[in-house]
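One structure is given below, encoded as structure tokens.
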């Protein structure tokens, strides 16, 4: 699992290198590429940090006996996961604005100003992710996380000091943070993906009636496919995190390992989705594969 997270981080790092190389060659970067660069950097952070988190828990499980240390680990992990979720939602929102035609209103204005809005979307996403991660440092939230975590993964090897939860400490605060960090961006992905899917369906029906073709149809299909895969991946990721923290499956069971596989393979699967959905990245990957095959012969 740690290897999968590391490979995923390296794959996302390669995407960043490809996009930055094109930027240095042309001195221009599209708004979609800006979102992809930030998204891949968030995936790199999450992938490497997840591997470190897993390695530390395996080799030095006694570290998590300290309530402050586990709180810091969860805070850093929350920032990475929330950043990935919000930047992905921003990318889906960007596709939504670019594809759907708006005659008037705020969305029509945003369509005209989208290149100016994208940097602010990135900043807003990172600010929200940072705010959610800092909220996990609240004493009541730390106690809830520590209490639940100490009963889960490392029950057999960790012997923490007694941590008692006061009567007024409930998981409500932490679930509120999760709602902002993960549920809200997932809702944005859901709405924008279905809107673009409906637009694609109408586009296809019009083409069938007119018995014509459209050069934008394949691009539209590719974008909707990418959004659908991203939505499915983030839904699976969120469901896995909920099941993990609620301890639905006992450690070392099949369901437990499947949850961990989904969580730690998240950066790798997302990099595959981005490669397949972006012609520029797909072409760069194919060239690299051909060079590798040529060197091995």
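Every residue gets a Cβ built from N, Cα and C, even glycine.
If you look up TrEMBL, you'll see 6-24 (among others) marked as transmembrane segment.
The annotation transmembrane segment is assigned in TrEMBL to 36-63 (among others).
According to TrEMBL, the feature transmembrane segment maps to 69-96 (among others).
If one looks beyond the transmembrane segment (117-136) by at least 6 residues along the same chain, the residues whose Cβ comes under 8 Å of a Cβ in the stretch are 31, 34-35, 38, 71, 74-76, 78-79, 82-83, 85-87, 89-90, 93-94, 110, 142, 145, 174, 177, 180-181. What TrEMBL lists as transmembrane segment is 117-136 (among others).
Sequence-distant contacts of the transmembrane segment (174-202) (same chain, at least 6 residues past either end, Cβ-Cβ under 8 Å): 78, 81-82, 85-86, 88-89, 92-93, 95-96, 99-100, 128-129, 132-133, 135-136, 141, 144-145, 220-221, 223-224, 227-228, 230-231, 234-235, 238, 241. The annotation transmembrane segment is assigned in TrEMBL to 174-202 (among others).
For 223-248 (among others), the entry in TrEMBL reads transmembrane segment. A Cβ distance under 8 Å defines the sequence-distant neighbours of the transmembrane segment (223-248), meaning residues of its chain 6+ beyond its ends; these are 81, 85, 88, 91-92, 95, 99, 148-149, 151-152, 182-183, 185-186, 189-190, 192-193, 196-197, 200, 255, 259-260, 262-263, 266, 269-270, 273-274, 276-278.
Residues annotated as transmembrane segment in TrEMBL: 254-277 (among others).
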Recorded stretches the transmembrane segment (6-24) and the transmembrane segment (69-96) touching, at least 3 CB pairs under 8 Å:
no
